[in-house]
Amino acid sequence: MTSTNDINNIPVKSISKQKILLIVISLTVLSIALVYQPLPDNFPQPWKYRFLSFWAHIFSKLGYLGEKVNLFDRIHVLRFLYYITVGCFQIRNPEHHLKIYDRRILNVSVRIYEPEELDYMDKMPTIIHFHGGGFLLGCRETYDQVTYALANLTRALVISVEYRRVPEHYFPAALDDCTSITYELFKNADKYRIDVNRITLAGDSAGGNLALVITQSLIQDGYSPRTACLIYPALQFFDFTLPSYRLYLPRSILGVINEENFLSVMSELSESKVKVTPDILFNSHTSRQDKIRLHPYVDAGKYLPISFPFDVDQEGNEDLIPHLKFLISPKMSPLLVPDEQLIKLPTILLFTAEFDILRDEGFIFAERLQSLNKTLYHHHFGTTFHGSHLLLYGPLKFDIAYEMVEHIARKIRENL
């Protein structure tokens, strides 16, 4: 015979289990809804990308909140996130026969990767590598996976430069560090056992920007780099209405390449730390005179299949123009130079990605070089995102990352 207590307990237990199940299902659905973002069918490992972007975005927001209440520095939060995502998964395989050591050249820190078989060579083929990270993030630690792989796959000496970053240092600190290192290596190649005729300058994003700016400077001063390898490089800070900016900046690539962080970096790059307002995305940082002068170099209507109207008669924001003039200098925007300078460039190895605000300036650069019959290798990774080549190891490993680095290394080796 069933007691009254037993009868009363049955529905309570059943209801409790139902509630728990309902809560779990609700939280799962909510998590998926928060994490989900539409991606093409051929996008590599879409759910891994969605979770990575979601948590990066959360960390970024927490950084802003913590900074407002003076709890911690947002930049250090982002750098820590960058490190735990890629930097702490260093690979050291004795079978690769690489000597790796840190040193200082002209008071700038570098990490050197030297294949052991080069011990007996007086002149080594060399890759000078500048890391990316928007002049803000990135360092030789977070790029160790990539520079290690490049050294192993190319069997060339790789020198990874640790340049000064914002916000601690403003423009042109990064450029000054990278320029001084590069010129030292060219001028005193014998001292460093480097073959001055076989030097490639390489970098991605901000590092690609530095690689091209310095390549142009070297040529102007009579030096001859063998190649420049540019991986989704930042080539111009003049026109932010290019279709790839309009399309992908609102999508917050990797959870951190978004309008809020973009405005912050533009501000931190300036010596005055001017507050950069959203109207910069409509090119308010340039005067009418500069628009007329520079637009032909990045004319989307001429070089891209799709473009938006560009108003050369639009006056700029007087609160921004004097503080951000450096952005449209060739030292910051190497695409903003006449054909007479582009035609002098060495062989260019250019890699672009589809999901990237920098996609279109890469295409414009390629079109301009091709119109000059310059030696150019351009490969477009049509299914991946800015920064994906960094994710070589660890739980956030993307299969396409190694394919990209292997492809890049193969082309460097063929042209070095």
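The backbone N, Cα and C atoms fix where each Cβ goes, glycine too.
Here is what TrEMBL says about this protein:
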TRANSMEM  20-39  transmembrane segment
DOMAIN    127-245  domain 'Alpha/beta hydrolase fold-3'
ACT_SITE  SER205  active site
DOMAIN    329-389  domain 'Alpha/beta hydrolase fold-3'
DSSP residue counts for the domain 'Alpha/beta hydrolase fold-3' (127-245), split into helix, strand and coil: 44 helix, 26 strand, 49 coil
Helix, strand and coil counts within the domain 'Alpha/beta hydrolase fold-3' (329-389) (DSSP): 19 helix, 19 strand, 23 coil
Close in space, distant in sequence - the residue listed as 'active site', Cβ under 8 Å, 6 or more apart: GLY132, GLY133, GLY134, ILE231, TYR232, PRO233, ALA234, LEU358, HIS386, GLY387
Per-residue pLDDT averaged over the domain 'Alpha/beta hydrolase fold-3' (329-389), given as an integer: 97
